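According to Swiss-Prot:
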DOMAIN    24-199  domain 'EngB-type G'
BINDING   32-39, 59-63, 77-80, 144-147, 178-180  GTP binding site
BINDING   S39, T61  Mg(2+) binding site
Amino acid sequence: MSSPLECAKYLLSAHTPHQLPSDDGSEVAFAGRSNAGKSSVLNTLTRQNALARVSKTPGRTQQLVYFTVTPQRYLVDLPGYGYAKVPKELQIHWQAFIDTYFHHRQSLRGLVVVMDIRHPLKEYDLQMLAYARQRGLPAQALLTKADKLGRGQQAQTLQKVRNELTKHFADHINIQTFSSKSRQGVEQLHTVIETWLGLARSG
C-alpha cells in the first residue's frame with residue numbers, strides 16, 4: 001500500500017512570511033541542524049530522489065520550502081540551522097522568520113526534528129522542540145543515520161535521548177530511529193505524518 005506522501009510536489013520557496021501559502025490548510029514542518037540529513041529524510045519519505053535538494057554544503061536551505069501532498073496539505077522544509085558560515089544578519093533574519101512561523105502559523109499540525117543519531121539534542125534541537133511544546137503541537141524527534149551505529153548503540157542512544165527529552169518535556173515528544181539507507185523507521189514516520197495531515201492510504 002503506497003503512502004500519499006509519495007505524491008509530493010514542489011510548490012514554492014518563501015523568504016518572508018508574506019510569501020507563505022494561505023493559512024487554511026494542514027502542514028508538517030521538518031527542522032534540523034545542517035547536515036542532520038533532513039533532505040534525505042524528505043526524499044526517502046516521498047520516494048523521490050530529488051524532491052529536496054541534498055547538498056554537500058551545510059546550510060544550503062535558505063528559505064521555507066513547501067511541497068504539496070494533496071490540495072491544502074503540505075510538507076515544509078525549514079532552513080537548516082546551526083551552521084557557522086551563514087552570515088550573522090541572515091541568522092537573525094531566519095530566527096525572526098521561524099519565530100513568527102511557529103507562533104502564528106495556524107496550519108501547522110506537527111513538527112519533525114531531524115537529528116544525527118551520533119550527535120543528538122544540541123541546543124537548537126531543544127529550541128525547536130520547545131516551540132512545538134509551547135504551541136501544544138505534536139513533535140517527533142527523529143534520530144537519523146541509524147545505520148551508522150550497531151543495534152546495541154542505537155538502543156543505548158535512543159534510551160539516553162528519551163530520558164533527556166522526558167526531563168525537558170515530560171512525555172510530550174515522540175522519538176524514533178531512522179535510516180534513509182536501510183529504510184529503517186520509514187513506515188513508522190509515514191504513519192505519524194499521515195495521521196497529522198489527516199491522510200488516508202490508497203489500496
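Placement of Cβ uses the backbone N, Cα and C atoms for every residue, glycine included.
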Legend entry - Distance from S39 (Mg(2+) binding site) back to P79 (GTP binding site), taken between C-alpha atoms, in Å: 11
Legend entry - binding-site residues (K38, K145), the one with most neighbouring Cβ atoms at 10 Å: K38
Inset, instruction - Report, in whole Å, the straight Cα-to-Cα distance of S39 (Mg(2+) binding site) from K145 (GTP binding site). - result: 12
Inset, instruction - Go through N35, S39, Q63, the listed binding-site residues, and name the one with the sparsest Cβ surroundings, counting other Cβ atoms within 10 Å. - result: Q63
Legend entry - Local backbone state of G32 (GTP binding site), from DSSP in three classes: strand
Inset, instruction - Enter the number of other CB atoms within 10 angstroms of the CB of G32 (GTP binding site). - result: 27
Inset, instruction - List the residues of the same chain that sit at least 6 positions away from F178 (GTP binding site) in sequence and have their Cβ under 8 Å from its Cβ, in sequence order, or write 'none'. - result: V41, L142, L143, T144, A146, Q184, G185, V186, L189
Inset, instruction - Report the mean pLDDT of the predicted model across the domain 'EngB-type G' (24-199), rounded to a whole number. - result: 90
Inset, instruction - Can you see whether DSSP assigns K145 (GTP binding site) to helix, strand or coil? - result: coil
